């Protein structure tokens, strides 16, 4: 039976001849609709379309792979019914070359196919983030040096920029502004035009009227939101004064003042608004009567004072200057903004030169080059399609765009230029409420523009279709989400009105659950009081009153996170103890909840995820956190970076203590305390110098440190940073040391990555340790952490801890959204120069001669707009988080003072159905929004009662359950539960009465035989070589007892006798050279020889290893057809590690059937693979000695290994391995599988 489509889904699948915008809510089946439309086009009886005539653009490579798979599955299903349909069979063949891809990949194809239209080397490659950041830093340094050296008017403008925005000590702040602004400008379709237009806005003419400018319009909008909030505050006071005896005069005065404030909301003209607000005066209040309620009088007087202060602040901030003075301020900014624009253009030119020299392009270049190829600019400046664009218009019958709400301006320009106009052929699907990538320059206004202009009527050229039926979530989840967002989401904040059209409609079908089971249920709201835990009674009073330093604040933050994590852990355990069940579509039945059904979502994972992971693990809950971070926080990297900092400047106490405490010098805590006591006023370094005069063990350690440091400092002066870094690894023995630590292989790999970064750094004009340390610090900030992603399959039985952004597109039966009390990040609002794609540049006004600065009126406008858009994005992030839930939604957040917060939420909800934009804008966290939205709900009565709040109840179909927690109780509860009073338990036992029973139980346990004993001896992990040996052993009838053989450990180097390299060691050397060879360089005998010499110099190879490498055989490989194909590929990967999960019965064939679900992780390293247009080519090198006539035997021996490599590679890349080879270095044979 086929899928039962709704009428709206059918319309989206079958409508032709229009541009279609499908607004698809969370869980509405948009991907299924998109796939069905493609299948519908392919199988159309009257006008069938070949799959390679469609362009399908997805947001990620994973989404593209999934789309391709879904289309393939659908085609195969149809073919099963129509096996004779040759055209349909051909579509499966065409599917491999169909353009189902990300926009970046499509643009890259355009550039590679048309590079000759650009001044571009056809052998270009895409630089990684580190490489391009280094080039940008190098270009900016060189540019600044050139600007300082100039002797013309450009230098004057540049020096004004440095004085205004460079920072207090150097010009670093200006360099940061340049790089940040350059990145933004390059995200726009026509960056130079944008810059020119923006600078011209500061060139104000005599007829310029600020009061009608776009900046004035934005500021007036912001002030109206502010005034509406002030008015509501006044109306609360008016309401409190009603019928208050003795305060009638107050009531009339407050009413009059509220009316005057309300009048401001009607003015859309700057001057009218200014005149009215300037005229507002707060006259002296009349005397209160003798019978007046003093509490009410004091409360309303405080409200009035706050209102007066707010009105005064608005007057002084925006209306103290005349429009002429504002005009002069903007005019004064023109020359400095012009100098900034010129600097950006000069930087762009220099950065392009650097990239050209390296033969690389960056990710922004891909889209810009594609746009350049696809467009032609005529004399009037109009943009027209080029011949290439017209070719694509002809080629693509329809253009599909998934996740359309996340498109940016340049992507929209590209897709528009290749789309047909008659008949229109665009199909765009997305949900603007899930647009959460503005930080990547995604622009939801692109979606809004079409949403507001497209028609719901069929047959229109531009048509929209609404899919708002949710097939994912239970009714309890949907009603709670609707209840929250109808209160807080609006056109101004959230950027969409949450109307009846936008709300989620229940469409899922959940069967009736079994009796005595727990399913679904009310949405839970867990509020945690973040009060400070009281000290133990025996602690001294003065210790309680000490001021908190940074470390204590950090500990408090960790405590707060721990408390939330423990609350979450407790709730997860309750789900299992209460027989909570979920509906499993695969088995079409209910089953007990599993750990894999649960996800914990966090807005930010950097600090939170590790704490949650630890707490859940300690609670006995298997958990996994895929943060994509952690590289710079690993022990080995922190230690080495600290060491480099100390070598550069030993006067830094924190890095120095880290190095002294590390295994490199192994100072004990007692010794470090002794050092500190040497001289409390001096630095640690000075204390070490003083301690080195001592005649004890500490003195010896201190002297050794100083001697070693001096030696390293001398070497650092003349050695390149990469060589010096490798020298440190070897000299300290730290590289070998970390190998013996847990995850030693990973730790060594981390150190090698740092070495590679140093190598990249040395290829630039930067030199020296100081600059390298600065570069690493910049890398942390600019490119984020470099943690390697960990892969967990969807069926792994663990609770996932992930960011809300990573959860987008996923769904889970149980969703726990934690950290809801965490404050929003608003740091972007406090940059010296703000920027906005519509409003332009917003600089600080700086008078560096008088040493004063303040936000310009332009900056105030942009600041408000950025805040508005940032909070709109946060609202959509919250929407994404809540809509991941299928059956159970649990919300967790902390607040410093819950009663105070509840009163704040009640004030926000007291006067109107919807929470005001003022209260939304002034909300500090998700919890402020949720609290204000739900506080009037009937189920929130216990919370209102707790806070002493009286508020009219609101009826709603949603169901809520509130639980209050206290930080102190949560922290102490765990400590209490960890202690077991064994004595009391023993006392309670009647040993005589139960002796025989205990005896029997002891005997039963001693004689117990575990039924799955063999599983205990199965290895958790095997190498590919071990798997090959086990499977090949079947021919000699080996059984699984071989898994119990003793592991033969490698003899340590210091115990080995020197006797030359073994065959295995020679093979390792050969593989190392094949891994490290630069394939872009000369690969003749001389070229290979020179590269090997360089590897020895950099201590990648030893002299002994280098002598054993047969360069003739390496050259021979590259002369083969296989080697030539590898060199011509644009994507070659070498030494790729992998893990793959296999059933134990696939490896140990004699295991019984009950071991089918016992899995073993198989690990290995793929020597090499490269990509061609139609798939991947896998190569494994072998250095074995091969007897004459034994080639086929070799091929058979490694068959299992090659198949495992192929399977792993397809899993990793999502691409088909089309060819598999072994290359035998011994005789140059190529064995194909």
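A Cβ is built for glycine as well, from the same backbone N, Cα and C atoms used for every other residue.
Checking Swiss-Prot for region 'Disordered' across the ranges 510-532, 533-555, 556-578, 579-601 points to 533-555. Ranked by Cβ neighbours within 10 A across all protein chains shown, the binding-site residues 28, 31 are led by 28. Neighbour density around each Cβ, counted as other Cβ atoms within 10 Å, peaks among the binding-site residues 24, 26 at 24. Taking the mean position of the Cβ atoms of 24, 25, 26, 27, 28, 29, 30, 31 as the ATP site, the remaining same-chain residues with a Cβ inside 8 Å of that point are 33, 431, 467, 470, 471, 472. Following the DSSP three-state reduction, the secondary structure of residue 30 (ATP binding site) is helix. Remark: residue 27 (ATP binding site) has 470, 471, 472, 473, 504, 507, 508, 811, 883 as non-local neighbours, by Cβ distance under 8 Å and separation of at least 6 in sequence. Counting only residues at least six positions away in the same chain, the Cβ atoms of 9, 467, 471 sit under 8 Å from the Cβ of residue 29 (ATP binding site).
Close to residue 30 (ATP binding site) in the fold, though at least 6 residues off in sequence, lie 22, 24, 402, 429, 430, 431, 467, each with a CB less than 8 Å from its CB.
Long-range neighbours of residue 25 (ATP binding site) (same chain, six or more residues apart, CB within less than 8 Å of its CB): 431, 433, 467, 468, 469, 470, 502, 504.
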